[in-house]
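First the structure, in the form of structure tokens, and then the observations on it.
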Amino acid sequence: MTTVREIRTWDADRPIAMLTAYDATTAALVERAGVDLILVGDSVANVRLGHDSTLPVDQAAMEHHVAAVARGVESVPVIADMPFLSIGADRGDSVEHCGRMLKEAGADAVKIESGPHTVDLTERLVQLGIPVMAHLGLTPQRVKELGGYRQQGQSDEDAAEIRDLAVAHADAGAFAVVLEHVPSDLAREVTERIDVPTIGIGAGPHTTGQVLVVDDAVGLSDEQPPFAEAFGDLRAEFEDALDGYVEAVQSGAFPPGED
Ligand code: KIV
Ligand code: NA
């Protein structure tokens with residue numbers, strides 16, 4: 001079974017497959033499907049908790065979901081997404097919050113929406129034994145500052161900044177770098193430049209691996225980003241089952257009569 005350390009030096013002749021999970025049941029199914037990594041994303045805010053951004057989900061809520069996922073898996077590495085403001089405000093608190101994901105919630109690594117402010121933190125965390133996955137390109141926790149969920153790295157200047165930050169985080173010890181919603185050429189360039197894997201979402205086919213939100217992958221989401229693909233239609237199945245239940249109870253067909 002893959003470890004975070006093996007991900008860092010990924011040399012298998014195939015892409016890395018990562019999916020999110022937010023609860024033990026889904027995590028077990030995702031593990032059985034053969035993914036290499038499971039991310040407990042703060043996307044839980046949008047896809048399961050009814051929020052319209054990831055900003056409202058906090059450290060305690062994420063620990064709760066990470067712990068559930070960790071209970072659901074046997075051996076696939078579980079990565080805890082660090083929520084808005086859980087890192088960055090204060091160094092001690094940042095380290096404490098990341099450490100709790102391993103110590104209390106049972107994660108194997110943390111993912112941090114990265115920027116110039118997270119290079120030193122990444123180095124410190126890795127020194128302390130907390131593996132870090134960096135995240136560049138579209139970083140949804142900065143939606144208010146970015147003014148929306150647009151593709152990042154379109155200008156030469158923005159592309160260079162993302163590339164330089166990817167190099168800086170790889171040098172700081174990050175074991176992988178998520179690239180979200182960036183041009184495919186930039187993703188290819190970053191992938192060639194750093195010696196740890198890139199994991200893309202909306203970043204084209206040239207990254208070392210891919211990640212999707214599990215609800216998008218199974219066709220459960222109400223709406224999903226244009227770059228996601230549904231590999232099933234779970235929403236229709238869910239609706240059929242629920243309609244069937246309600247109809248059976250209301251018509252008296254369930255439970256069956258005793259005779
Ligand atoms: O929260 C999340 O699901 C993520 C992935 C889309 C990378 O950060
Ligand atoms: Na996230």
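Each Cβ is built from the backbone N, Cα and C atoms, and glycine gets one as well.
All annotation found in TrEMBL is predicted automatically rather than curated by experts.
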Select one of ASP81, ASP156, ASP158, ASP164: the residue that TrEMBL places in the Mg(2+) site alongside ASP42, GLU113.
ASP81
Among all chains shown, work out which of the recorded positions ASP42, ASP81, GLU113, GLU180 has the most CB atoms within 10 A of its CB.
ASP42
Residues close to Mg(2+) site centre defined by ASP42, ASP81, GLU113, Cβ within 8 Å:
GLY41, SER43, THR54, MET82, PRO83, PHE84, LYS111, ILE112, HIS135, PRO140, GLN141
Residues that sit under 8 angstroms from SER43 (3-methyl-2-oxobutanoate binding site) by C-beta distance, when 6+ apart in the chain:
THR20, THR54, ASP81, PRO140, VAL213
Filtering ASP42, LYS111, GLU113, GLU180 (recorded positions) by proximity to ligand 2: which pass a Cβ cutoff of under 6 Å to any of its atoms?
ASP42
